[in-house]
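Here the structure is laid out as structure tokens; the discussion comes afterwards.
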Amino acid sequence: IACFLMYLLAEFDDAANLLAANPDATTISIDEPAEIPKNQHGRLQEPGREEDDELLGTDDSDKTELLAGQKKSAPFWTFEYYQTFFDVDTYQVLDRIKGSVFPVPGKNFVRLYIRSNPDLYGPFWICATLVFTIAVSGNLSNFFIHLGKPTYHYVPEFRKVSIAATAIYAYAWLVPLALWGFLMWRNSKVMNIVSYSFLEIVCVYGYSLFIYIPTAILWIIPQKVVRWVLMMFSLCLSGSVLVMTFWPAVRDDNRRIALATVGTIVLLHALLAVGCLAYFFDAPELDFPAPIIPAHNGTVNKVRIQ
């Protein structure tokens, strides 16, 4: 301890000699906080500034998107090229699902949620989940409808999976492809402010189908009125997302063409919902063969069961 105290005294003597030789030297105290630059202080006062700028499309976000577009992209035959389409986290996917289930009036879904990072992860798994949900719920609905009939034997219809997959994936890819081609053709003729890429359109259509997953589960209820009410409710929610997204892209076009485009979008969306409900859940009643009941006098009676 004595050696340590002598070492500290020697250090203090050296420091005193240095200060005596150079009295103008600057000293730093470890108790004093470092000075915060003015630009950092301004950002601390406005914590949500960057997110708001990116959402509203201000100069900072425009520069970020411009620099991102100048990055060298990988060739399309490489794994890195397709990896960018699935570069999203769980919070982004959940946020976009919430936006499709609870649309905000007057807000653009692409501008508000998709922005410059459209993905295929959410649309792909939403369509896959919807395919199996409709197929399984349709089989269960058929089982509950005919439950209790003595001549009915439940046989799972696996072909409904392939039919549902063909219908849903064809709608989720071919309709956006046709819409993207139409918008590109009209933008070449009419000056338009809003334009969407093919990936953004696919992303909007994919997330708009999420509401039908819980709806398909509720379609198991063996009441036609309840099913059609649920279908209309889901159609209004998902259709409003499509209308609020694509109306700004066509509103500057000819009035008839704009209304016809939006009407076609809603009509195709309604055909998908009505077709799934009518084919998988509201199938016509099966006409079972009549069982043969032997009579007491030796004759055979046939009873027809509807």
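Note that Cβ sites are derived from N, Cα and C of the backbone, with glycine treated the same way.
Source: prediction; values computed, not measured.
Quick look at what TrEMBL annotates:
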{"type": "REGION", "residues": "31-60", "note": "region 'Disordered'"}
{"type": "COMPBIAS", "residues": "49-59", "note": "compositional bias 'Acidic residues'"}
{"type": "DOMAIN", "residues": "101-273", "note": "domain 'Yip1'"}
{"type": "TRANSMEM", "residues": "120-141", "note": "transmembrane segment"}
{"type": "TRANSMEM", "residues": "161-185", "note": "transmembrane segment"}
{"type": "TRANSMEM", "residues": "197-222", "note": "transmembrane segment"}
{"type": "TRANSMEM", "residues": "228-250", "note": "transmembrane segment"}
{"type": "TRANSMEM", "residues": "257-281", "note": "transmembrane segment"}
Which sequence positions outside the transmembrane segment (161-185), separated from its termini by at least 6 residues, show Cβ-Cβ distances below 8 Å to it?
123, 127, 130-132, 134-135, 138, 195-198, 201-202, 204-206, 209, 246, 249-250, 261, 265, 268, 272, 275-276, 279-280
Taking only the residues in the domain 'Yip1' (101-273), give me the average pLDDT of this model.
89
